[in-house]
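Asker: Straight from Swiss-Prot, here's the annotation block:
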- 119-140: region 'Disordered' (REGION)
- Lys143: SUMO2 cross-link (CROSSLNK)
- 161-192: region 'Disordered' (REGION)
- Ser169: phosphoserine (MOD_RES)
- 170-186: compositional bias 'Polar residues' (COMPBIAS)
- Ser171: phosphoserine (MOD_RES)
- Ser179: phosphoserine (MOD_RES)
- Lys263: SUMO2 cross-link (CROSSLNK)
- Cys293, Cys296, His309, His313: Zn(2+) 1 binding site (BINDING)
- Cys321, Cys324, His337, Cys342: Zn(2+) 2 binding site (BINDING)
- Cys352, Cys355, His368, His372: Zn(2+) 3 binding site (BINDING)
- Cys552, Cys555, His568, His596: Zn(2+) 5 binding site (BINDING)
- Cys580, Cys583, His596, His600: Zn(2+) 6 binding site (BINDING)
Amino acid sequence: MDGSFVQHSVRVLQELNKQREKGQYCDATLDVGGLVFKAHWSVLACCSHFFQSLYGDGSGGSVVLPAGFAEIFGLLLDFFYTGHLALTSGNRDQVLLAARELRVPEAVELCQSFKPKTSVGQAAGGQSGLGPPASQNVNSHVKEPAGLEEEEVSRTLGLVPRDQEPRGSHSPQRPQLHSPAQSEGPSSLCGKLKQALKPCPLEDKKPEDCKVPPRPLEAEGAQLQGGSNEWEVVVQVEDDGDGDYMSEPEAVLTRRKSNVIRKPCAAEPALSAGSLAAEPAENRKGTAVPVECPTCHKKFLSKYYLKVHNRKHTGEKPFECPKCGKCYFRKENLLEHEARNCMNRSEQVFTCSVCQETFRRRMELRVHMVSHTGEMPYKCSSCSQQFMQKKDLQSHMIKLHGAPKPHACPTCAKCFLSRTELQLHEAFKHRGEKLFVCEECGHRASSRNGLQMHIKAKHRNERPHVCEFCSHAFTQKANLNMHLRTHTGEKPFQCHLCGKTFRTQASLDKHNRTHTGERPFSCEFCEQRFTEKGPLLRHVASRHQEGRPHFCQICGKTFKAVEQLRVHVRRHKGVRKFECTECGYKFTRQAHLRRHMEIHDRVENYNPRQRKLRNLIIEDEKMVVVALQPPAELEVGSAEVIVESLAQGGLASQLPGQRLCAEESFTGPGVLEPSLIITAAVPEDCDT
C-alpha cells in the first residue's frame, strides 16, 4: 500500500476526531448514564457490529446505553477514532464487557491480550500468584491471554502481533477432570476457561453452572445499575416518541436487539464484583411480559417507558431547559437539546444580503426579502395570491380552489391536512379511543389540544380572548376568530362547484354532501341515512328509543332528545337568541324564527301582539276583523267589514249558517255610511 494513502487515512480520522470533539457534523447522540457523547454514525458502524446492525434501517437518532458504561465508554469512543485503547488493571474487565456488548472485536482482542505488570518473583512462582483470580479467569475468553504489559496497551491495533505470547505459555489443553489439584498451571487454567465456555446441555443447565443475563424486556429502564448488564436501545424521533413502544413494523429491530444482548451459556464478567450473584432469582429466569398502557393499549419494554408514555396522555412535560425554558417529555430529549447549546442558537442572527439588515429569525428575513424582490416564494397557480410558507399555499388551494387534502382516511375516505390529524381521526372516530385524560376530573379528549382547552376552561377558568363586539370570551384565539365572522359576515370557505361561501370548513363539508348525495350517517335500527350526525341522534331518540330519558331539573318535564332539553332550559334562563330582524321578536329555536318570518312575507305591519290573529288574512288597511262574538256585543265602525277567512278551529264547524245583509240602512248612531257586513249566528254556549 502506498505510504501517502496511509497518511491520508490517518489524517481523515484525525479530522473526524476533531469534529467529534467540537460536535460538528455529528449525526449520532449516545446517552450513557446521563453523559451525552456525540459521534458519527459511519465511524460507529465501521468499528462496532452492534451500531452497524442498529443503523441497518437507515434511520439515525439517539442511543441510550447503560449507566455502567459511563466510566469506560469514552475510552472505547477514543479507540474508534484513534486506535488507542488505554487499559489498566482496574478498567480492563469493564472495557471487555462493553466491547463484547457492543461487538467490537478489535477491542475484545486487546482486552484479552492485556496482562497487568507483575514482579519477577510472581512471574516465576508456582501456585502462589499465577494469573488473575479465579473469578476473573472464569470470565475470560477462549483464547489464552498473551503477555502484553500494562504500559504497552496504548498502541494501535495494527502494531500488536498476534503470535507474541509469553515464554511460559502453551496451547490450551483439555482439562483433566480427575485431577483438580493441577488447576493452578497456565495450561490447565486455559483448559478450565474452555470448559467453562462450552455450551451447557439443556438438561444439565443449573443457575450455578450457567448464568444467563436477563433479556432487556426485564429492564426497568429508570436508572440501570452498574452491576447489571441489562440495557435498552431507544431510537429517538423528532416528536418525543414513546421510547420502547413495540409495534409490528419494529419486530425486525427487536430481533436485532435480542440477538445483540443474548449471549452463550457462560459466566460473563459483571460490571461490579458479585453483582450477578446478588441479582434476584426472578430476574434470571424466563422473560418478562411487556407492560401495556391501560389507555391506548400500547406495549412497552419497561415500566419506565410506560411512565414516560403516560405523560403524552396528561400533557405533562417535567423536564425544562434552564436557559430557554423549553419543556420535554423525557430527560433524554432535554439532554440532547442542551447538547445543541440552545443559547447559541437563540443568539444566531440572519443578515440580509442586499441591505445587511440583521434579524433574529429566518422567517423575519424572508418577510424582509419581499421588500426587495416584490414576490413571495409560493404563488397560487389559480389566482394571484402569494404566500410565505408552503403550508399556507396548500391550505389556500384546499379552501378556495377545491384541491384535495393530502391525507385520506382508508376507512371513511375523509381527508386531512396533516398525518397527525389523520391518526387522531382514526383513533377517535373508528376505534373509539380518547387517548388524552385529565388528571383532575378524568375527562377524556381525542387530542392534546382538546385536553388543554378543557383544563383552561373548566379547572383554571382561563378565557383570555374576548370579542370586541359582544365581550364573549374564549379559551383559544382560533375560536374567537371563528366567532368574529358572525359579526363581520366573513365567509372564507367557498364551494368550488356552486360558489356558495360558508363561515366554517364543517359547514362547507356538509354543503358538499348536497352535491355528492352522500349520507354518511346511517341508522343502526332502520335503513334511513342522514347527512349530519345531529339529525341521526334525534331520529334514534324519537323513533327507536322508548321513554323520555331526558328531564328538566327545574320543572321536571321530560324529553326524548337531549337537544330538546337544551332548548327547553333556555326558556328557564330567558335565553332567546334568535331575533326577528323585522319586528324584534325573539325565539328560542331557529325553526320557530323561520316559521315566524313567513308571516312577514304575507302580512305587512305585523305586530307581535296580534299573533292570535295570524290565521286571518287582511287585504286592506280599511278592513278590520270581526271576532266571533255574540251578536249583542258586536260593534260596527265606519268602514267596510269583510271577513276573508275565519279562524280554523272547532268553532267554525259549529256555525249553523250565515246571513248576508246588503244595501240595508242602519239608524244606529254608530253607523255613518252604508256597509257590507257579514254576520254569523253564534251558539249561546260559546264563550269565545
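Cβ atoms here come from the backbone N, Cα and C positions, even for glycine.
The model shown is predicted, which means the values in this text are computed figures rather than measured ones.
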Asker: How far is it from Cys296 (Zn(2+) 1 binding site) to Cys321 (Zn(2+) 2 binding site), counting Cα to Cα, in Å?
Answerer: 29
Asker: Sorted by position, what residues of the same chain at least six away from Cys293 (Zn(2+) 1 binding site) have a C-beta under 8 A from it?
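Answerer: The answer is Lys299, Phe300, Leu306, His309, Asn310.
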Asker: Out of the binding-site residues Cys324, His337, His368, His372, give me the one sitting nearest to His600 (Zn(2+) 6 binding site) by CA distance.
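Answerer: Closest candidate to His600 (Zn(2+) 6 binding site), judged by Cα separation, is His368.
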Asker: Express the distance between the Cα positions of His313 (Zn(2+) 1 binding site) and Cys321 (Zn(2+) 2 binding site) as a whole number of Å.
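Answerer: The separation of the Cα atoms works out to 22 Å.
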Asker: State the count of C-beta atoms found within 10 angstroms of the C-beta of Cys355 (Zn(2+) 3 binding site), not counting that atom itself.
Answerer: 10
Asker: Within 10 angstroms of the C-beta of His372 (Zn(2+) 3 binding site), what count of other C-beta atoms is obtained when all protein chains are considered?
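Answerer: The answer is 11 other Cβ atoms.
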Asker: What count of other C-beta atoms do you get within 10 angstroms of the C-beta of Cys296 (Zn(2+) 1 binding site), across all chains shown?
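Answerer: 18, counting other Cβ atoms within 10 Å of Cys296 (Zn(2+) 1 binding site).
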Asker: Spatially, which candidate from the binding-site residues Cys324, Cys552, Cys555, Cys583, His596 is nearest to His372 (Zn(2+) 3 binding site), comparing Cα atoms?
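Answerer: Of the binding-site residues Cys324, Cys552, Cys555, Cys583, His596, Cys324 has its Cα closest to that of His372 (Zn(2+) 3 binding site).
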Asker: What whole-number Å value do you get for the CA-CA distance of His568 (Zn(2+) 5 binding site) and Cys580 (Zn(2+) 6 binding site)?
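Answerer: Pair distance, Cα basis, whole Å: 20 Å.
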Asker: Just checking, which of His309, His596, His600 (binding-site residues) has the fewest C-beta atoms within 10 Å of its C-beta?
Answerer: His600
Asker: Calculate the distance in Å between the alpha carbons (Cα) of Cys583 (Zn(2+) 6 binding site) and Cys355 (Zn(2+) 3 binding site), and round it to a whole number.
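Answerer: Cys355 (Zn(2+) 3 binding site) has its Cα 62 Å from the Cα of Cys583 (Zn(2+) 6 binding site).
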Asker: Quiz question: given the binding-site residues Cys321, Cys324, which has the greatest number of C-beta atoms lying within 10 angstroms of its own C-beta?
Answerer: Cys321
Asker: So which binding-site residues out of Cys321, Cys324, His337, Cys355, His368, Cys580 end up within 10 angstroms of His596 (Zn(2+) 5 binding site), measuring C-alpha to C-alpha?
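Answerer: Cys580, listed in sequence order.
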Asker: Give me the CA-CA distance between Cys555 (Zn(2+) 5 binding site) and Cys580 (Zn(2+) 6 binding site), in Å, as a whole number.
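Answerer: Checking the Cα atoms of Cys555 (Zn(2+) 5 binding site) and Cys580 (Zn(2+) 6 binding site) gives a distance of 28 Å.
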Asker: Can you tell me whether DSSP puts His368 (Zn(2+) 3 binding site) in helix, strand or coil?
Answerer: helix
